[in-house]
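**Q** From TrEMBL, here are the annotated features:
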| type | residues | note |
| --- | --- | --- |
| DOMAIN | 1-448 | domain 'Cytochrome oxidase subunit I profile' |
| TRANSMEM | 12-36 | transmembrane segment |
| TRANSMEM | 56-73 | transmembrane segment |
| TRANSMEM | 85-108 | transmembrane segment |
| TRANSMEM | 120-139 | transmembrane segment |
| TRANSMEM | 151-169 | transmembrane segment |
| TRANSMEM | 181-206 | transmembrane segment |
| TRANSMEM | 218-242 | transmembrane segment |
| TRANSMEM | 254-275 | transmembrane segment |
| TRANSMEM | 287-307 | transmembrane segment |
| TRANSMEM | 327-347 | transmembrane segment |
| TRANSMEM | 359-386 | transmembrane segment |
| TRANSMEM | 406-430 | transmembrane segment |
Amino acid sequence: MKYETQKVALPFFMVAMALFALQIVFGLAAAAAYVWPHFMSEAMPFHITRTSHTNLLIVWLLIGFMGCTYYLMPEEAENEIYSPNLAYFQLALFAIAGAGALISYQFGIHEGRHYLEQPLWAKVVITVSFLMFLFNTSLTMLKGRRTAINMVLMLGLWLAAVFWLFAFYNPDNLALDKLWWWWIVHIWVEGVWELIMAALLGYLLIKMTGVDREVIEKWLYVIVGLALFSGLLGTGHHYYWIGTPAYWQPIGSIFSTLEVIPFFAMVVFAFYMFWKGSRNHPNKAAMLWTLGSAAVAFFGAGVWGFMHTLSWINYYTHGTQITAAHGHLAFYGAYVMLVLGVITYAMPQLRRVQPYNQVLNMWAFWIMTSAMWFMTFTLTFAGVVQTHLQRVLGMNFMQIQEQLELFYIMRFGTGIFVGIAALMFIYAVFAPAREQVPATSRPLTANE
Ligand code: HEM
Ligand code: HEM
Ligand SMILES: [Fe+2]
């Protein structure tokens with residue numbers, strides 16, 4: 001760690017990991033309701049559990065992105081964070097808004113739109129906190145060195161804030177409501193968050209492979225261009241059945257198919273840099289998460305996304321378990337794994353120790369990733385059966401759910417393994433270092 005204020009990232013990572021654990025607890029509770037339909041139905045109905053699960057995911061990922069930004073910005077900008085105190089204050093505000101929303105849900109207080117259920121006051125506090133974060137990090141950058149990495153990162157974060165503003169606009173007309181709703185839900189994960197992903201990936205690759213910055217930067221610009229070109233009009237794949245004009249069927253199908261390309265470019269980018277690189281970085285676990293993220297994002301977003309994105313296929317699969325299968329693997333690969341990768345990379349330096357507990361960390365990687373894959377397969381099979389029985393044969397929705405029980409049991413089982421792996425990960429990065437530093441390993445240089 002070269003700059004003192006990089007340590008600002010630490011509390012962000014801690015809060016993010018606590019909420020990650022909580023997200024999985026709610027996921028397990030929701031999955032239990034699929035197996036035992038009356039599970040906690042009085043104490044916490046399914047829609048509340050589900051809302052808590054998805055909200056926690058988004059909130060901890062955003063806190064994770066902030067932590068990553070505070071960590072890398074001083075190195076990239078060659079400048080200390082403008083105001084560490086503002087960062088801590090802004091984290092506290094964000095956490096209060098998140099916790100407040102979570103508690104409100106338990107009392108049935110919410111705004112009803114998926115992912116945007118936060119009560120209005122919480123939305124306002126989230127906005128204020130995020131603007132403070134943008135102010136703090138942008139100023140750090142503007143007063144220091146501007147690189148492709150910190151500029152693409154800040155562009156992604158600023159655009160995320162701009163599109164978030166649509167959360168405040170909720171027309172009464174349901175078709176219009178959905179139309180604007182996707183401007184956040186889709187354009188975040190398939191547009192502006194991709195810029196954040198590409199920048200973080202680029203940062204990790206520069207640090208760990210030793211490949212020239214110029215090479216990484218060229219890739220970065222290509223990926224950003226591809227992501228925005230395909231992702232914006234790709235929103236059309238959510239405009240098939242909500243009452244929008246028919247031209248969205250070809251536009252959505254074509255542009256969302258093109259969305260696969262930036263994800264493909266990112267996986268090629270990551271593996272190519274890894275093979276080309278000269279540096280043998282001691283943090284093997286961080287490299288594993290980095291490559292894993294690019295690969296799983298390609299499958300989860302690219303392959304599982306393409307599977308149901310053409311309008312004449314989506315006609316059958318819309319809103320089935322296929323969607324849930326894709327949602328899980330895409331979010332996990334693109335964003336969860338990447339944030340875990342940055343944490344794995346940064347923590348030893350924040351704690352000023354050599355990479356440690358690496359073996360445990362890599363076990364967490366393999367168990368968590370295998371379990372998420374297995375969950376994706378069970379949901380995909382469930383979705384295929386569901387699509388056929390419901391949309392082809394026209395069977396009744398609840399009758400079909402009985403047919404799917406085995407898949408739901410298996411999904412619950414894989415969830416337990418994800419939970420165990422998450423605890424292993426948290427232990428690996430935060431607990432005392434156990435490993436002896438091998439005599440052969442050299443100290444990290446300031447650049448790594
Ligand atoms: C990291 C990137 C991505 C993430 C995190 C993601 C996540 C999600 C989630 C959570 C949903 C469900 C939304 C809801 O109905 O509430 C969804 C829907 C969908 N996604 Fe993605 N996605 C990503 C990329 C892609 C890509 C690249 C494609 C196309 C190639 C795609 C195609 C679709 C389609 C067609 C739907 C609608 C499914 C339906 O009609 O039920 N996604 N995505
Ligand atoms: C880090 C890992 C995870 C991520 C990124 C994640 C993400 C998501 C997302 C995006 C949704 C909304 C899906 C949609 O609208 O189509 C969702 C719903 C859900 N998740 Fe997770 N989740 C994760 C882990 C888990 C775990 C471990 C379980 C437990 C088995 C779980 C169980 C559920 C359930 C039951 C739902 C509700 C699905 C429905 O409405 O039918 N998730 N999750
Ligand atoms: Fe989408």
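Including glycine, each Cβ sits where the backbone N, Cα and C put it.
Bear in mind that the values here come from a model prediction, so they are computed numbers and not experimental data.
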**Q** Quickly jot the same-chain residues contacting the transmembrane segment (120-139) by Cβ under 8 Å, restricted to those at least six beyond its ends, or write none.
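**A** Same-chain contacts beyond the ends: 62, 66, 69-70, 73, 81-83, 86-87, 89-91, 93-94, 96-98, 100-101, 104, 111, 154, 157-158, 161, 164-165, 167-168.
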**Q** Honestly, do the transmembrane segment (287-307) and the transmembrane segment (181-206) touch, with at least three Cβ pairs under 8 Å and pairs 6 or more apart in sequence?
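**A** In this chain the transmembrane segment (287-307) contacts the transmembrane segment (181-206) - 3 or more Cβ pairs sit under 8 Å.
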**Q** For the transmembrane segment (254-275) and the transmembrane segment (151-169), check the count of CB pairs under 8 Å (sequence separation 6 or more) and say whether it reaches 3 or more.
**A** no
**Q** For the transmembrane segment (218-242), what are the same-chain contacts with Cβ under 8 Å, counting residues 6+ beyond its ends?
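**A** Distant contacts of the transmembrane segment (218-242): 148-149, 152, 155, 175, 178-179, 182-183, 186-187, 190-191, 194-195, 198-199, 202, 248-249, 251-253, 255-256, 258-259, 261-262, 265-266, 269, 309, 311, 314-315, 318.
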**Q** Answer with yes or no whether the transmembrane segment (181-206) touches the transmembrane segment (151-169) by the criterion of at least three Cβ pairs under 8 A, sequence separation 6 or more.
**A** yes
**Q** Give the one range among 12-36, 359-386, 406-430 whose Cβ atoms make the most pairs under 8 Å with those of the transmembrane segment (327-347).
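**A** When the Cβ pairs under 8 Å are tallied, 359-386 comes out ahead.
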**Q** List, by number or range, the same-chain residues at least 6 past the transmembrane segment (359-386) whose CB is under 8 A from its CB atoms?
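**A** Non-local partners: 284-285, 288-289, 292, 296, 300, 304, 317, 320-326, 328-329, 332, 337, 344, 400, 403-404, 407-408, 410-411, 414-415, 417-418, 420-422, 424-425, 427-429, 435.
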